[in-house]
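Feature annotation from TrEMBL assigns active site, nucleophile to Asp10. Annotated Mg(2+) binding site per TrEMBL: Asp10, Asp12, Asp171, in sequence order.
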Amino acid sequence: MTAPLSIIFDLDGTLVDTGPDICAALNHALATLGRPPVPPDDVRHMVGHGSRALLARGLAESGESTPALVEAGVPAFFDYYGAHIADGSRPFPGVEAALDRLMAAGHRLAICTNKPAALAHALVAALGWGERFAAVLGFDSVPAPKPDPGHVWATIDAAGGVRGRAVFIGDSIADVSAARAAGLPVIVVGFGFSDRPVAELGADAVIDHYDELDAALLRWQPV
Ligand SMILES: O=C(O)COP(=O)(O)O
Ligand SMILES: [Mg+2]
């Protein structure tokens, strides 16, 4: 068999289409601040840089966005999102079959997300994925989150993997930047939440369906 890898996944926009629940939570928080809602298609492209960045971008759609306003919206955002973590969030097509194949091939799987760790664990549990991942690290699991490479290294370490035998799978510039800084190959999905064309992110490969992942990974698996 080929040498096993640590395969480090981003969560929002990569494994799971969390857009509906994140949109509802953002718009709930904006409403408590007297602001109008942001359309779902716009919210998708604001995700991937952490909840505070999302709130800041949501506020900017309708006027002033200050750190104080963002902090004022944080409790409503987290309370609502925590209570509706998987109402409308669904795995992207082919994800679960791909995870099964990778695990059967002996690879070690982990999640490195800019979600708070508690919400990431709650989402993973709600999807019944608790057994699939050797580690789930959020932005608050580490001193500095993605694009800092330390978030990636800490995820590999927590999963019991080897830093030089890992690949990152993500959807945003934060993922590509973090993986590159950590010295990892990086594959991006073309169906995620990126706010710019995925071909311009500088990844080693782009996949448009999880059926393409095994073939894309082959180049990092010397026999
Ligand atoms: O920005 C977030 O809240 C989380 O996004 P990520 O799972 O894509 O890192
Ligand atoms: Mg993402």
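Just so you know, glycine gets a Cβ as well, placed from its N, Cα and C.
Just so you know, TrEMBL annotations never went through curation; they're auto-generated.
Spatially close to Asp10 (active site, nucleophile) yet at least six residues away along the chain are Gly48, Ile111, Cys112, Thr113, Lys146, Phe168, Ile169, Gly170, Asp171, Ser172, Asp175, judged by Cβ distances under 8 angstroms. Taking the Cβ of Asp12 (Mg(2+) binding site) as reference, residues of its chain lying under 8 Å away and at least six apart in sequence are, in sequence order, Thr18, Ile22, Val47, Gly48, Thr113, Asn114, Lys115, Asp171, Phe193.
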